[in-house]
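Here is the structure we will look at, set down as structure tokens.
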Amino acid sequence: MKKVLVFAAFIVLFSFSFLSTGLTAQAALKDGTYSVDYTVIQGDSDSASMANDYFDKPATVTVNGGKSTVSLQVNHSKWITGLWVEGNAVSVTSKNASSDTRKVSFPVSTLSNPVNAKIKVDIDDDDLNYHHEYQIKLRFDEGSAKALAGAVKSSDNNTTTPATKSDSSNKVTNPKSSDSSQMFLYGIIFVATGAGLILLKRRAIFK
């Protein structure tokens, strides 16, 4: 009986690993421009960094040919004197001295996993003198992606098609082929589980 339970537990864990992989693959964004929520977390943990408050949300993500470029706004711009993402300095696209903000952009290799970054803070105030560099990570929430500019490019012919209301307020619809693959995977898992349980029961009977 213990062998049956162990086998069943293994199948369940194995199934979840495959399903999570499939969901990650389906979450990939088509070519287009999106608003995406994100959190600045500490470099060595999943906890929010103090720097999180210095980055305005959401970010704007442009996907072109499968490559993603992120644009976001930094507040307290005078304090944030340096920002590097995946080892490269970000590009400053605009500054606003009156609001003490600046917009930056940078390419990222992935949106599915936290992106390594480094920040440099220099504060020279009467009440505070602080100079430090430290590691952070940018954790993007692909599930929050909303299409912007009223259009999403088709990956088939690279043309731009109007986005429907559902595109602008919900996740990007997954292709039907992915749904079929998912159902096929469910079938394999179900058959394998049933066959394994029957085999183990037969062995138990003949012992």
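Note: Cβ is positioned from N, Cα and C throughout, glycine not excepted.
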Self-check item: Where Swiss-Prot places motif 'NPKXZ sorting signal' among the ranges 64-68, 129-133, 174-178
Solution: 174-178
Quiz item: Can you tell me how the residues of the domain 'NEAT' (29-148) break down into helix, strand and coil by DSSP?
Solution: 5 helix, 80 strand, 35 coil
